[in-house]
Amino acid sequence: MSQSPPNAIQLQSVGSQGTLATLPRPPDVQNPSSDSWASLCGPPPWGLSCLLALQHILVLASLLCTSHLLLLQSLPAGGLSFSPAQLLASSLFACGVSTSLQTWMGSRLPLVQAPSLQFLIPALVLTSQKLPLALRTPGNSSLVLRLCGGPGCHGLELWNTSIREVSGAVVVSGLLQAILGLLGGPGHLFPRCGPLVLAPSLVVAGLSVYREVALLCSTHWGLASLLIVLMVVCSQHLGSCLLPPRHWRPASTSSTHTHILAFRLLSVLIPVACVWIVSALLGLSIIPGELSAPTKAPWFWLPHPAEWDWPLLTPRALAAGISMALAASTSSLGCYALCGQLLRLPSPPPHACSRGLSLEGLGSVLAGLLGSPMGTASSFPNVGTVGLLQAGPRRVAHLVGLFCMALGLSPRLAQLLTTIPLPVLGGVLGVTQAMVLSTGFSSFHLADIDSGRNVFIVGFSIFMALLLPRGFREASVLLKTGWSPLDVLLRSLLTEPIFLAGLLGFLLENTIPGTRLERGLGQGLPPPFTAREAPMPQKSREKADQEYELPFSIQNLCPCIPQPLRCLCPLPQDSGNEERGPSEPGETVDLLPDFGDQCPQPSRGQSQ
């Protein structure tokens with residue numbers, strides 16, 4: 001194992017097609033572990049892509065098990081009439097379908113879709129206000145609600161009814177998200193969300209789950225601390241250590257030798273495997289009982305709607321679904337901006353945001369119809385993993401989708417994810433959420449942070465988004481109106497930190513006077529993150545914009561799409577970028593990684 005030479009190459013965001021070029025680096029910078037992203041010539045080999053996909057599945061499993069565990073613990077005493085592994089399998093299958101759609105024709109970013117914690121708060125609010133009693137009429141399969149008349153009212157049927165009601169809220173949420181995307185809602189809102197809206201949202205997204213992470217880590221702080229230390233050492237201290245040069249033939253290029261930063265690229269898999277082995281040797285089997293029920297899960301199971309029963313649509317489920325849709329949409333738009341920033345791409349155009357949100361909605365509808373109590377949305381921890389690994393190939397996102405669908409077809413295999421010790425899940429979420437938090441802080445410099453206006457917006461948005469949910473949880477009597485659906489809606493929205501941060505930042509940013517330069521919107525350039533896009537050469541910008549375009553086979557169908565849905569297709573000026581003017585003299589080198597014309601040969605390494 002050797003230190004990195006000046007021409008070392010590491011992985012970066014790549015599409016499934018095309019060739020790459022290395023990111024030019026100043027001559028005095030020799031350390032490959034710096035924050036600048038180098039690139040790889042062509043997609044990574046399939047073996048390495050599978051390992052990267054496995055790491056994303058481990059992060060997804062942390063969200064999956066955490067959200068389902070907290071939800072099942074909130075339900076009344078009783079039990080499910082089916083295996084909890086089938087709940088996990090249905091969620092995994094929906095996540096796989098949604099991830100594949102998102103990377104193929106959605107936003108086109110390598111975003112993994114997971115059971116977002118933004119669905120958890122409305123679900124907990126919904127289950128905390130329990131139905132009086134849910135019984136089945138003898139001899140009839142119709143569901144009848146009656147007043148609780150004895151100690152047996154909190155039984156099996158109430159548990160199943162609560163799950164069905166949460167699934168109904170997920171369906172409502174998905175339909176609302178799909179409608180918002182089809183109507184072009186994100187395309188109208190996103191251009192008004194500058195750095196002072198997105199950065200506080202990212203900061204709050206990183207801070208808002210510390211209670212859940214601490215709850216998981218507290219089951220065994222020793223294992224959690226060991227995992228966190230190993231992840232830090234692998235990704236940062238050993239990030240510049242290289243494996244021997246690997247030989248493969250990238251697409252459209254001659255064979256080349258490429259060094260692989262193994263410890264950084266596998267900085268999730270290696271620590272998880274080590275801690276998992278240590279916990280097994282010490283006999284520390286810290287597995288949640290709610291997810292490892294004695295009910296035997298089948299090896300093969302085809303998820304289909306109404307497997308147990310149809311989702312239950314009630315006024316309270318409708319209210320919870322509205323809050324889920326608003327919170328998940330705010331979170332997803334932040335994920336789009338965060339992923340584009342980490343991959344050094346321009347801000348997502350309106351048509352990509354609209355397509356992405358509409359397909360996320362379809363994924364949530366599928367999850368709800370399959371009986372899952374959690375919808376699908378772009379995952380902040382998985383985007384944080386992209387920043388931690390400094391690798392975001394689109395091929396990996398495709399593989400994650402396929403693997404999730406395969407696990408969803410086998411509840412017995414999906415149940416293997418529940419054998420991961422809880423402190424391991426907490427440590428993985430803690431490190432990946434820290435990456436989201438740090439990226440949010442790094443975005444403040446795009447605006448004039450010394451401005452009194454901006455200082456107030458940032459501090460007020462972050463502090464109030466963390467304060468109000470805590471206050472309303474402890475003084476829930478303030479949100480009791482006497483009508484249960486309205487109570488569910490208010491309690492769900494006002495205890496969602498990310499939604500509050502986005503809402504407060506958006507209102508203050510667009511109502512307090514300020515110049516475009518002060519707000520970080522540049523001079524006549526489209527927001528957000530224009531301060532980073534301004535010096536980008538025209539050639540690189542055009543190639544980067546192509547990453548958000550639909551596949552060629554689908555682009556031909558755009559003229560046939562009705563006019564109200566044209567917001568899902570790129571506009572003519574999006575591909576040409578005529579408005580941005582000619583490139584300056586000397587701007588002939590691609591500053592964006594992954595968008596070169598030729599793969600650099602080893603003999604040219606010193607000149608680069």
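Counting starts with 1 at the first residue shown.
Note that Cβ sites are derived from N, Cα and C of the backbone, with glycine treated the same way.
Since we're looking at a predicted model, the values are computed, not measured.
Looking at 60-79, 80-99, 420-439, the stretch flagged in TrEMBL as transmembrane segment turns out to be 420-439. The transmembrane segment (265-287) makes contact with the transmembrane segment (420-439): 3 or more of their CB pairs lie within 8 A, with pairs spaced 6 or more apart in sequence. Contact between the transmembrane segment (420-439) and the transmembrane segment (222-244) holds: at least three of their C-beta pairs are under 8 Å, each pair 6 or more apart in sequence. By the Cβ criterion (distance under 8 Å, sequence gap of 6 or more), the transmembrane segment (166-186) is not counted as touching the transmembrane segment (451-468), fewer than 3 such pairs being found. Within the chain, the transmembrane segment (451-468) has long-range Cβ neighbours (under 8 A, six or more residues past its boundaries) at 196, 199-200, 203-204, 207-208, 444, 494-495, 497-498, 500-501, 504-505, 508-509, 512-514, 518-519.
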